[in-house]
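Only one structure is covered here, and it is reproduced in the block below.
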Amino acid sequence: MRTRWVLAGTTALLYVVGSVVDLLVERASGWYAGGLRELLTFAPVVLASFAVGWLLVLRRAGGAIGWLLLANWLVLVSFGFASTYAGYSYSPTSHGDLPGARLAAIWDTHGWPLLFAPFLLVLLLLPNGTLLSRRWRWVVVLGVLSFSATTLSGVLGGERLDRPFEDVPSFDVLPAPVHAVLGLGLPGMTITVVLAATSLVLRYRRSDAVVRRQLKWIALAGCLLPVAILSSTFLDKTPDSSGLATWLPFVLLFMALPASIGVAVLRYRLWDVDRVVAATVAYAAVTALLAAAFVAVILVGGVLLGGGSPITTAAATLAVALAFRPVRATVQGRVERSLNPRRWSGEQLVDAFLADLRAGRREPEEVADTLARAVGDDDLRVYYWLPAQDSHADADGHLVADLPASPTARTPVRRGELHLGTVVHRPSVRRDLEHLLMRAGLAVEIARLRVEVRRQLAEVERSRARIVTAALDERRRLERDLHDGAQQQLVAIGLDLRHLQAGLEDDSPVRHQLDDSVQRLGSAIRELRELARGVRPATLDAGLGPALSELAGRAPVRTVLDVTDERFARDVETAAYFVVSEALANALKHARPALIEVLADRVEGRLVVVVTDDGPGGALAAPGSGLAGMGDRVAALGGTLTVDSPPAGGTRVRAELPCA
Amino acid sequence: MRVVVAEDQVLLRDGLARLFRDAGHEVVGLAGDADEARSAVAESVPDLLVADIRMPPTHTEEGLEVARWVREQHPGVGVLMLSQHVYGGVVDLVSGRGFGYLLKDRVLDVADFLDAAQRVAAGGSALDPDLVATLVRRDDDALDRLSAREREVLGLMAEGLTNAGIAARLVLTERTVESHTRAVFMKLDLHGDGDGHRRVQAVLSYLRAQ
């Protein structure tokens, strides 16, 4: 590791010193005009390869790719120094024929194949520094041979040099047969380029999503190559293709290539590639369309109004300005659709869901399923945050203290400062998910609120059931206290009085007074007993059947019972008893029936109690009436109470109580 | 008469014991719960066990369990159950011999209570008038055909009273009572027009069949 750092530092130092010297020499020579400009444009290109190359080497990422980038840097630097050195040597102010100046001049013209060789090899190695398979070694060999051959034939083949060294004699040392053989290098280079591209395509096809995204970055940079070629061919009007239109795209290409290679190999913000690609393509397309529109308006305007009319220009500008928004929207949609069909179809899914949600065709809780389908992750789950409980909950309102360990990725859902919940999902879908959550956030919030309300409602229902059960238990306790406490005491006192009485003379006047007192005690005890039964009949301890038959036995009209012997939970039995008790009281009070039928049986997990009378009907469970109160208690236990009382049709009270 | 009193409330238990003693009976055992009641009965084999239906530990039907146990283990011992409220679950037991069931405050009518206790100790039966009333109040065509007096007599028969007892209670002659009982049996289509336990059985089984 240390040697690499030392090497990197040394080369950087040498490079800086070399560049300064290069600049000074150019200044001194005076003839190579525009040296600074060239340096400023050339330097970023050189620096890109240098920096990315060392970054990869020092990080030990991507195998030989880093070294190849450094090789590319070396080639670029050698060109820079060679041209400066040769220029200094052959300048009109003539510093004389410096040693090696001729070679430098020849290199300036004929060294170009080496500008492409490192990048071609990089293409074969992307993104992890290994070849597609061992067979591809032959492509590397072919590349090295053909590029070397072409370089050699250029340097040694005696061809004329480019400006400004056209007067410098070239080497011409190759025998004709060797020159012919080396001539095969050019087609070899072409084949190598094609094979390298093929390797990339094959690799892309065989790869998973991560590698594909890595390769897409390279492809993105590679898009500049045709741009550069087209630009230098059609836009550059300078005679020797040295104008801005030629060198600028190439400078961009040689900066973008190392940069994209670095991104791909180091996987830094890899997942932005789709967005960058889409945005690049979309803006290129929009620009082209608007430029075409502008030109069209100018041409048409020129024909109609004559050239140079300000109206034409204004109209063209207006047309472009007006067209910008709709064109951009359409193009962006099209581009995203074709470049990222999955995200596009995901958006369509979410948008359709939101429309259905607004129309009431779907429930907000289905947002989880929709997101799962939109990003293609079956394991995706949405958990809603309940601040009051300080916990997540699922869509059914069940608290989830610990989110499941798998899948591993978590994306929080926020709306402003508000934390709405957490999506648990596979890491690979994070980008798409975040994108879609921006649309679906409102649905998540609605679902969260509904979960919260449902939970609160369930809690209220539970507490109501607890209150009613507690009240029933309280009745039972009160009844016990009356029977076992007050009543027993009174009986004991009565016995005491009787004992005292037994000790008295037969004709004692106190004896009669005691008789009277004991009788009054007896009445008090009977009153207490009635009171206790009203609170809760003790026979309920023996079951609904005994309690109801006692109740029916006390009714002044014929009451027919059909009651199951089954036992139920105490609160269920008590509630059922009071339903019958209230229904009987109601019937006796209002209906004057001749016959009352009481039915109690288990039906599908519910205790169903039906009290029917043959009275005139028309009874209503008015608020505050005994039946209405009974309905509340039955509802509190999760049951229902219905009163069916058609005029002249008798009254039918039906209660259903869940009894598991 | 040798009596065991089983009652968890001390005041009431002592009062009951005193009541029996005042009347010249012998209290041979006192019990505060079902287990004590069983051992007291097993130890002294009394003529009568007077027991509260609700006793510790659960305060539900301990007294009834003791009664069933006594019937099985000591069929000669009469059992008089007491409770604070009308308890329909005892009718089964009452139709057997030597069993009675009364509300607790009946003890304040000392003479009737002692009469019932002695009846039960002797193998007869006693059923609380309130419980009988719920049985007789049943809506039933046959019962509707009874006159008011006949209904009264039916109820007293169900309570376990003999003709003499009924006559004393209603201040009638025994002959008049006999004619009423015959009428009741005829109207209800009952047989066994005696004056003992079988009559009580017949009446109770009729009333319970409704």
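Backbone N, Cα and C define each Cβ position, glycine as well.
Just so you know, TrEMBL annotations are computer predictions that nobody has curated.
Sequence-distant contacts of the transmembrane segment (A:42-58) (same chain, six or more residues past either end, CB-CB distance under 8 Å): 1, 4-5, 8, 11-12, 15, 19, 65-70, 72-73, 76-77, 80, 251, 254-255, 257-259, 261-262, 265-266. What TrEMBL records for A:42-58 (among others) is transmembrane segment.
Beyond the transmembrane segment (A:65-90), the same-chain residues lying 6 or more positions past its ends with a Cβ under 8 Å from any Cβ of the stretch are 11, 15, 18-19, 22, 25-26, 28-29, 31-32, 42, 45-46, 49-50, 52-59, 96-98, 100-102, 104-105, 107-108, 111, 114-115, 117-119, 121-122, 125-126, 129, 164-165, 167-168, 254, 258, 261, 265. What TrEMBL lists as transmembrane segment is A:65-90 (among others).
The transmembrane segment annotation in TrEMBL covers A:110-126 (among others).
Annotation source TrEMBL lists transmembrane segment at A:138-158 (among others).
The transmembrane segment annotation in TrEMBL covers A:178-202 (among others).
Feature annotation from TrEMBL assigns transmembrane segment to A:214-235 (among others).
Long-range contacts of the transmembrane segment (A:247-268) within its own chain (CB-CB distance under 8 A, at least 6 residues past either end) are made by residues 41-42, 44-45, 48-49, 51-53, 55-56, 59, 61-62, 65, 69, 72, 76, 119, 122, 126-129, 210, 214-215, 217-218, 220-222, 224-225, 227-228, 231-232. According to TrEMBL, the feature transmembrane segment maps to A:247-268 (among others).
Residues or ranges marked as transmembrane segment by TrEMBL: A:280-305 (among others).
The domain 'Histidine kinase/HSP90-like ATPase' annotation in TrEMBL covers A:571-660.
For the transmembrane segment (A:178-202), the residues of the chain that approach it from at least six positions outside its boundaries are 113, 116, 120-121, 123-124, 126, 131-132, 136, 139, 142-143, 145-153, 157, 215, 218-219, judged by C-beta separation under 8 angstroms. Across the domain 'Histidine kinase/HSP90-like ATPase' (A:571-660), DSSP classifies residues as 32 helix, 30 strand, 28 coil.
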